[in-house]
Amino acid sequence: MIPELVAFDLDDTLAPSKTRLPQEMARIIVRLLDRTSVCVISGGQFGQFRTQVVEALVDAPRLDRLHLLPACGTQYYRCVDGEWQRIYVEALTDDEKSRAMEAVETCARDLGLWEEHTWGPVLEDRESQITFSALGQQAPVDAKKAWDPSGDKKLKLREAVAGKLLDLEVRAGGSTSVDITRVGRDKSFGIAKLLEMTGLSKADVLFYGDRLDEHGNDYPVKAMGIPCVAVDDWHDTLVKLEDLLSQA
């Protein structure tokens, strides 16, 4: 039985970090959209979703069933009459943004984690979220994996920044990133908002993620009681989706 909504993390679940959905994944998502609704939730901004997901699915006949939740669901996009429209955004104030950027840069420099040679901007204003990417937004996957294989650097930075921003929430994001939002705005917030807007229940959803461990950025979805499938990478997701589609 295929759930009424199948939800996914993006980077390392549907595609390698910051890259377009591989053709095999795009094809299986199109097949899934023919059967049920699909949600993609990630810390990235909509421009990243457009590059990685929308452009890979441009010919999909059922884009009306695709729910996109950038910035961990503090933004929500739907395809309406062939055009992608933002349904809502919960924007940070200018004061919240400036304090977040100052805190993360100060802490990164103090900890020796501010890199001088990067691939693109290190700090990004995503309207509802401030994101620090240690090696820049366009860093190659291999470089990101090599920068912090244990995850210790990211966790130390998160703890330091959280100590300076008591009214905001600081989370370890992707492989080299730290995300700053209002309190409680993790992936569970985005999924809860989507359930509210669609009228679905937790039992109607199945979530796939590569970071469902306790310190992972997919864990809040598991903690809220959504049925989850842990995956190792996008290849593993592909295999498990084939199993799902074969059930009905």
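Note: Cβ is positioned from N, Cα and C throughout, glycine not excepted.
According to TrEMBL, the Mg(2+) binding site annotation covers ASP9, ASP11, ASP210. Annotation for ASP11 (Mg(2+) binding site): spatial neighbours SER17, LYS18, SER42, GLY44, GLY174, SER175, criterion Cβ-Cβ under 8 Å with sequence separation of six or more.
Annotation source TrEMBL lists active site, nucleophile at ASP9. Within 10 Å of the C-beta of ASP9 (Mg(2+) binding site) we count 25 further C-beta atoms, all protein chains included.
The active site, proton donor/acceptor annotation in TrEMBL covers ASP11. In three-state terms derived from DSSP, ASP11 (Mg(2+) binding site) belongs to an extended strand segment.
Per TrEMBL, the feature alpha-D-mannose 1-phosphate binding site maps to ARG126, SER177, ASP179. DSSP assigns SER177 (alpha-D-mannose 1-phosphate binding site) to a strand in the three-state reduction.
Other residues of the same chain near the alpha-D-mannose 1-phosphate site, with their Cβ within 8 Å of the Cβ centroid of ARG126, SER177, ASP179, are GLY43, GLY44, ALA71, GLU124, GLN129, ILE130, THR131, PHE132, SER133, GLY173, GLY174, VAL178, ILE180. A Cβ within 8 Å of the Cβ centre of ASP9, ASP11, ASP210, the residues given for Mg(2+), is found for these other residues of the same chain: PHE8, LEU10, ASP12, THR13, LEU14, SER42, GLY174, GLY209, ARG211, ASP218.
ARG126 (alpha-D-mannose 1-phosphate binding site) counts 25 other C-beta atoms within 10 Å of its own C-beta, drawing on all protein chains shown. Reported as a whole number, the C-alpha separation between ASP210 (Mg(2+) binding site) and ARG126 (alpha-D-mannose 1-phosphate binding site) equals 23 Å.
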